[in-house]
Ligand SMILES: O=C(O)C1=C[C@@H](OP(=O)(O)O)[C@@H](O)[C@H](O)C1
Ligand SMILES: C=C(OP(=O)(O)O)C(=O)O
């Protein structure tokens, strides 16, 4: 079974050169936040380029359940009529966040400092993921959470009637936890402080400043110290969502390993908290030109020209880079299989608590495709076979994980024999136009 009904198997065949322009959809992290911060502002926020993937649609529905008016005007064009900080009303039913860790964790934070009770659930993947990492800091504000064993969904959160501000050092490098604490801090009087040892994606901080909150980020020996003053009146904004670098990763990596490819991927974020994959690919010898650097929607972006790169070399990925490329390790491990030598990815145990255990899912699928892989709790090592060297001829299990599905389809585009995935339907959560975009570039994808 897939997230939304029947499983949808899909097969990628060895593909002819990929050519053309890959216009990937809006950034998923920024899309969730545009809806949530819009719901916290007083008045109408306008959003363009919103990702209309299921994860974000579930967040839109949740914001409606909490009392915001959310309206779709056209492709990617949405408005949110916000209720103001502390203005949420108690939802009448369970909030179903589907497959989305970002959605559920940020929304829990947003309601945790308002006197109301809400119950959250999700699909079979989300119900396995740990929520204690957000409910622990939320309890410091005075909220209480009652979930299944191990802090799993379904979970009921009772918001704090008299929230107090919090000072919290993140025990794990997680933008979701950081954002949940900042969102809770919005409705706590006084200053909420979050300290992150390793920088994680900074979209919440950027957006809070854009919406008029008083927020400072100080770089210290402890890491980034982020201080937010509670109870601001957030001003509605016009948010132009830039394209998603995590989605761009799939056509970029496919072009690097499919012989003869030469594609343009416009408007890819160069935000330093998101561009780790691109730095890594360049270090491996990828032929990527970063053209026309500029700002779009408050984010630094560039147009990427990407060409087939037969001489890729395996590298040791710097451990401290992990947060800036955390969602890109699955597709990097596919590129690594087509490089010469070993690619070593350390400090990646967070991959085990994503939509699936991504270290396990990639290791098993790559082995089935004829690639030698080593793993331990916190490490993935791929022994590359060089350009054109991967056998393929296997079916990978995707475990309700969009990134695993897309990674193995990219693998199949360059392997000797086709590679199938047992269920491609989760791709709709983050990259609903993946199939059309990739076939438009020249990939051969078949359903079934
Ligand atoms: O804040 C966000 O939008 C996200 C943060 C990351 O998760 P963690 O915070 O768990 O690292 C990332 O994996 C996820 O896809 C999106
Ligand atoms: C981990 C991811 O998302 P989330 O945590 O929002 O489910 C992802 O998109 O790769």
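The backbone N, Cα and C atoms fix where each Cβ goes, glycine too.
Not measured: the values here are computed from a predicted model.
When TrEMBL records 28, 101, 129, 176, 403 as binding phosphoenolpyruvate, the matching candidate from 352, 358, 447 it lists for that site is 358. A helical conformation is recorded for residue 403 (phosphoenolpyruvate binding site) in the three-state DSSP classification.
For the binding-site residues 28, 33, 129, 358, 403, the greatest number of Cβ atoms within 10 Å around a candidate Cβ is found at 403. In the structure shown, across all protein chains, 29 is the one of the binding-site residues 29, 174, 176 with the greatest number of other Cβ atoms within 10 Å.
Listed recorded positions: 29, 33, 129, 174, 327, 358. Those with a CB atom under 6 Å from ligand 2: 327. Residue 354 (3-phosphoshikimate binding site) is 7 Å away from residue 129 (phosphoenolpyruvate binding site) when you measure Cα to Cα. Neighbour list (residue 327 (active site, proton acceptor), Cβ cut-off 8 Å, at least 6 residues apart, same chain): 246, 249, 354, 403.
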